[in-house]
Amino acid sequence: MQQFNEHITQALADRQQQGLYRQRECLERIAQQVNYQGKMLLNFSSNDYLGLAQEPRLLQAWQQGLQRYGAGSGASPLVTGFNKPHQQLEQQLAQWLGYDRALLFNSGFSANQAVLFTLLNKTHSLLQDKLNHASLIEAGMLSPANMKRFKHNNVAHLRQLLTQQVDQASLVVTEGVFSMDGDLAPLADISKATQSSSSWLMVDDAHGCGVLGEKGRGSCDFANIKADILIVTFGKAFGLQGAAVLCNEQTAEYFVQFARHFIYSTAMPPAQAYALSTACELIQQDEWRREKLAHLSAEFEHVLDDAIAFNNTQSPIKPLLVGSSEKAMQLSQMLNQRGCWVSAIRPPTVPVNSARLRITLTASHNIEDVKYLATTINEVMYD
Ligand SMILES: *Cc1c(COP(=O)(O)O)cnc(C)c1O
């Protein structure tokens, strides 16, 4: 029997030795920069893709919401925590994204877990892309359903798994835009494969909603498909916090009855829901934010040395694969010394030997910022 202290000490020592020890850094955010130990750095590691987190109209909406509705919601949604701003936001999301219903959750992590835990029993099968977010993979492992993972974005492999699973109802789950690679799922083909086998498709569009598609409707709109279940999260392009599950009327009712993450958790503050309604409007109205991202993306690719192995993406996520964790950390530090905050992403967040710099562009960057980043990467990459 290992004592808790012993277990903890051992785990920390192992982590340290593998070069995977993680540390939080306390940053102060000022416009698109961060103050790190008294030094201002350009922030290329936030998921605030549209630059809404500091948009004055959004901050004003949150303040207005606080004044009207108070601070906390005071209860879970089935008790007294479901208020007018929550209802308004759910209706707005459902209409914008083309579903009967939207249900609010406090985080994308809990929304994903709620859907998988509530929907699946041991007669079902769950087919997930190998690179799906930790919240999905973990829920799948704990779920009684029979989970299989298909090779990343590999529709042939998915089809093969679907044919092996014909006697079980299958839920196919993929991200719309993959968080660590920035690449898009082949949603049109996945949707076709799913439909021809009468299974369901769930798309986690944490990184696509707001950024892709007509009026920012996201990856599914971009691919011209409709998922049976759509997850949108508000911590990224919405510039806020929280998440929603979009689905048909009956499925929503089913989650309201049975999803424990929904039933037993305090509803998000009504002021936050109110601010999210404004975020929703800004996402649809401010086409210039998406246009600017496209412009910055092209400029980044253009300035970056051809010798650097980089495949541009259609999303604001620009991974630079470097392989070893040490090299990734070293490059991140060199960029930091030259005024750019770019996080190194290491296993187990990404597969072994695929450590990388995860660069993200946002609509609040200037063209000069992005040129400077690319030039600096050109300088440090082969140092
Ligand atoms: C960020 C993220 C989540 C989790 O959302 P939170 O609201 O931050 O909990 C879920 N899925 C994907 C793909 C994500 O990138």
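In case you wondered, yes, glycine gets a Cβ from its N, Cα and C as well.
Annotations in TrEMBL come from automatic prediction, not curation.
Per TrEMBL, substrate binding site is recorded for ARG22, HIS133, THR349. Its Cβ placed at the centre, ARG22 (substrate binding site) has 7 other Cβ atoms within 10 Å. According to DSSP, ARG22 (substrate binding site) sits in a coil region rather than a helix or strand.
Summarising the annotation, TrEMBL assigns pyridoxal 5'-phosphate binding site to GLY108, PHE109, SER179, HIS207, THR233. Counted within 10 Å of its Cβ, the other Cβ atoms near HIS207 (pyridoxal 5'-phosphate binding site) come to 28, all protein chains included.
Confidence annotation: the domain 'Aminotransferase class I/classII large' (41-377) carries a mean pLDDT of 96 in the model. Residues or ranges marked as domain 'Aminotransferase class I/classII large' by TrEMBL: 41-377.
What TrEMBL records for LYS236 is N6-(pyridoxal phosphate)lysine. Counted within 10 Å of its Cβ, the other Cβ atoms near LYS236 (N6-(pyridoxal phosphate)lysine) come to 28, all protein chains included.
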The one of SER179, THR233, THR349 whose CB sees the fewest other CB atoms within 10 Å, among these binding-site residues: THR349
Inter-residue Cα distance where the pair is HIS133 (substrate binding site) and PHE109 (pyridoxal 5'-phosphate binding site), in Å: 9
Least buried by Cβ count (within 10 Å) of the binding-site residues GLY108, PHE109, HIS133: PHE109
Maximum Cα-Cα separation in Å among residues ARG22, HIS133, THR349, which the record lists as binding substrate: 19
For pyridoxal 5'-phosphate, whose listed binding residues are GLY108, PHE109, SER179, HIS207, THR233, the greatest C-alpha pairwise distance in Å: 14
SER179, HIS207, THR233 filtered to the binding-site residues whose C-alpha is within 10 Å of HIS133 (substrate binding site): SER179
